Amino acid sequence: MENQRSSPLSFPSVPQEETLRQAPAGLPRETLFQSRVLPPKEIPSLSPTIPRQGSLPQTSSAPKQETSGRMPHVLQKGPSLLCSAASEQETSLQGPLASQEGTQYPPPAAAEQEVSLLSHSPHHQEAPVHSPEAPEKDPLTLSPTVPETDMDPLLQSPVSQKDTPFQISSAVQKEQPLPTAEITRLAVWAAVQAVERKLEAQAMRLLTLEGRTGTNEKKIADCEKTAVEFANHLESKWVVLGTLLQEYGLLQRRLENMENLLKNRNFWILRLPPGSNGEVPKVPVTFDDVAVHFSEQEWGNLSEWQKELYKNVMRGNYESLVSMDYAISKPDLMSQMERGERPTMQEQEDSEEGETPTDPSAAHDGIVIKIEVQTNDEGSESLETPEPLMGQVEEHGFQDSELGDPCGEQPDLDMQEPENTLEESTEGSSEFSELKQMLVQQRNCTEGIVIKTEEQDEEEEEEEEDELPQHLQSLGQLSGRYEASMYQTPLPGEMSPEGEESPPPLQLGNPAVKRLAPSVHGERHLSENRGASSQQQRNRRGERPFTCMECGKSFRLKINLIIHQRNHIKEGPYECAECEISFRHKQQLTLHQRIHRVRGGCVSPERGPTFNPKHALKPRPKSPSSGSGGGGPKPYKCPECDSSFSHKSSLTKHQITHTGERPYTCPECKKSFRLHISLVIHQRVHAGKHEVSFICSLCGKSFSRPSHLLRHQRTHTGERPFKCPECEKSFSEKSKLTNHCRVHSRERPHACPECGKSFIRKHHLLEHRRIHTGERPYHCAECGKRFTQKHHLLEHQRAHTGERPYPCTHCAKCFRYKQSLKYHLRTHTGE
């Protein structure tokens with residue numbers, strides 16, 4: 001009986017997969033593979049006893065109640081490992097097992113029958129499992145008489161069967177902490193590895209943040225540098241803007257002055273040459289040059305309206321000088337008139353009174369104007385309010401009947417040379433007809449002012465022929481009730497210098513003003529009283545300080561030298577086919593030919609000669625452009641453009657324009673020119689001869705030729721006289737129109753001799769040929785890199801300056817190159 005109680009229980013083996021599926025959660029996988037733990041459902045003591053098919057019937061219910069809560073010992077092959085819950089339950093059940101020593105078991109025959117049934121059961125195909133003690137009615141309880149050879153060898157022990165259950169239980173208890181420590185160690189090791197991985201991830205993120213921080217710091221430094229550069233750039237822009245505002249103010253003031261001049265009809269001042277640095281024109285006259293003084297007796301003999309007229313004339317002259325920024329102090333004469341006092345005379349007036357210069361050289365160049373004030377003998381003052389003054393201008397050839405006299409009296413006409421009339425040189429001129437209309441006929445039967453003109457004698461004319469600016473000189477302006485301005489009138493042969501597309505600048509001369517004061521007993525001539533300028537003194541001494549560098553001629557006035565030098569740069573005169581007289585401008589020729597059409601020649605039988613050939617240019621050989629003006633046979637024709645010429649040399653020069661030949665080369669800079677005169681003008685740049693320069697009065701730029709100045713002035717006026725007949729585009733230069741027309745005609749006249757590629761413009765060909773020659777004339781001053789084209793250098797320099805001139809209209813980004821902006825715009829448009 002004791003042996004039966006101490007015999008261990010034997011349980012059938014359970015598959016490993018089922019053991020892993022029903023193992024406790026805290027037990028590691030490796031331990032489960034080494035131990036074979038039976039699930040609770042296979043342990044009879046942990047589950048209620050259920051009859052199975054083939055099991056023995058239960059004989060008693062009493063043992064069932066005692067063994068229902070009992071946990072048998074479980075042994076396996078290999079290391080014995082049990083879960084903690086099973087071991088605790090087994091330990092708690094050792095007491096009841098010890099108290100059941102007297103329990104009766106079924107007879108051996110029944111036990112053997114039960115074992116045989118269990119061995120044939122489908123649930124027990126493996127080796128049988130023995131249980132040490134089992135209740136009598138438990139179907140799994142084995143008989144104590146089972147041979148030891150049929151038992152598991154691991155369960156055989158020399159220890160007594162009585163002590164075996166307790167020793168196995170203590171061994172299980174000793175082996176139980178080992179998997180728990182191992183599990184804890186593995187869990188800690190896994191947790192440490194997880195923490196290390198997190199630390200590594202955090203370290204990587206920290207390094208990434210440090211890199212991004214460094215990048216941001218660099219960007220901030222670049223932004224600060226850009227901000228400093230932008231501030232410096234902005235400061236320079238502010239300086240430039242201040243300069244522009246200052247220039248704008250100066251330009252605004254000049255425009256106001258020009259409006260005043262146009263309002264006062266002072267056109268002569270617009271033709272004055274400006275200063276070398278762009279300052280205001282140098283007015284060659286002073287207020288005293290155009291002022292008229294009266295003695296006390298003469299002033300007393302004047303009527304009130306005459307005094308008012310005198311004041312208006314003086315005031316108009318003063319305003320004309322001030323309107324052009326002419327820095328003069330206010331004359332005493334104007335101050336006296338504003339205070340209502342009598343204008344006092346200078347000290348020289350008394351000594352010079354009554355003197356009339358007889359030497360023509362002592363007088364000023366041009367015409368002499370006399371102002372004659374007439375009164376009748378009675379000196380009647382019956383009219384309280386005198387009518388306007390009757391002013392009559394005797395321009396040689398104007399008859400008295402043209403002006404008329406309501407009182408039937410013809411005023412005295414003091415004519416020195418009636419045979420030389422002004423109409424000779426003013427036929428066909430519109431300015432004198434305007435002057436004639438401006439002379440308002442102011443009638444008074446008792447007194448009047450007659451403006452008379454005198455010309456210098458023929459000998460003086462011949463002497464001063466080259467000095468005259470080829471225009472009549474103007475006196476100034478008469479304002480108030482009576483206005484009459486003597487403007488420069490172009491002569492038919494000298495309306496404009498050659499090479500220009502517009503008439504030449506009019507220059508103010510210094511006409512001698514003769515004053516005839518009123519006298520009760522008759523007409524009395526008074527001398528002109530004014531201060532002699534340095535220019536007048538040179539004229540009296542006969543000095544000619546201005547010399548032409550080309551031909552050696554000298555002149556008294558610089559403007560005469562400038563006009564004369566235009567003869568040297570003339571490229572194409574216009575000749576009259578009837579009298580072989582040449583002119584500088586086509587308009588002059590048209591005016592001259594009008595004489596032949598109207599009067600049949602240069603001489604009028606009624607009024608004498610109407611045209612003085614001395615005022616025209618002397619006949620000279622025709623130039624290539626003479627084919628456009630004048631008549632005559634032209635046997636030499638150009639096979640390229642069908643132009644005809646009268647001389648073979650003219651045709652040869654013209655053909656150079658088609659061949660592109662430039663036979664004249666500068667020895668200093670190796671620049672070549674098509675015409676010799678172009679080379680001469682270019683060499684003045686090297687020689688430093690800047691006297692012959694044409695300066696723009698608006699911006700101060702100087703040019704070597706008047707045509708270049710005229711072309712430049714179109715940039716200020718915005719004029720575009722050359723229009724394309726196909727697309728109606730307009731251009732300021734004819735060459736630009738020619739190049740534009742090639743776009744429509746698809747003409748490409750400039751071909752590369754090496755690769756045959758053709759271009760519309762010549763400078764495009766020059767840029768292209770640098771590809772073959774390897775020339776790179778444009779180099780960067782910062783890094784020394786060289787480029788073939790200038791705009792490539794400008795684009796490259798933006799990398800050094802940081803300039804980004806192309807902003808995006810959709811966002812705030814700016815770009816250095818235009819192509820980059822185009823690529824960026826596609827992100828907005830979605831192309």
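Our numbering is plain: 1 for the first residue shown, then up by one each step along the chain.
Glycine too: its Cβ is placed from the backbone N, Cα and C atoms.
Cross-referencing Ser131, Ser143, Ser496 with Swiss-Prot, the residue annotated as phosphoserine turns out to be Ser496.
From Lys174, Lys452, Lys723, Lys790, the position flagged in Swiss-Prot as SUMO2 cross-link is Lys452. Looking up Ser7, Ser502 in Swiss-Prot, the residue bearing an annotation of phosphoserine is Ser502. Feature annotation (Swiss-Prot): of 14-36, 83-105, 198-220, 750-772, the stretch labelled zinc finger is 750-772. Same-chain residues lying 6+ beyond the ends of the zinc finger (722-744) with a Cβ under 8 Å from its Cβ atoms: 711, 714-715, 760-761. Same-chain residues lying 6 or more positions outside the zinc finger (806-828) and placing a CB less than 8 Å from one of its CB atoms are 795, 798-799.
Residues 767, 770-771, 816-817 of the same chain lie 6+ residues outside the zinc finger (778-800) yet bring a C-beta within less than 8 angstroms of a C-beta in it.
Each residue in the zinc finger (778-800) gets a DSSP state, and the totals come to 11 helix, 4 strand, 8 coil. Model confidence over the zinc finger (574-596) is summarised by a mean pLDDT of 70. Secondary structure of the zinc finger (722-744) per DSSP, as helix, strand and coil residue counts: 11 helix, 4 strand, 8 coil.
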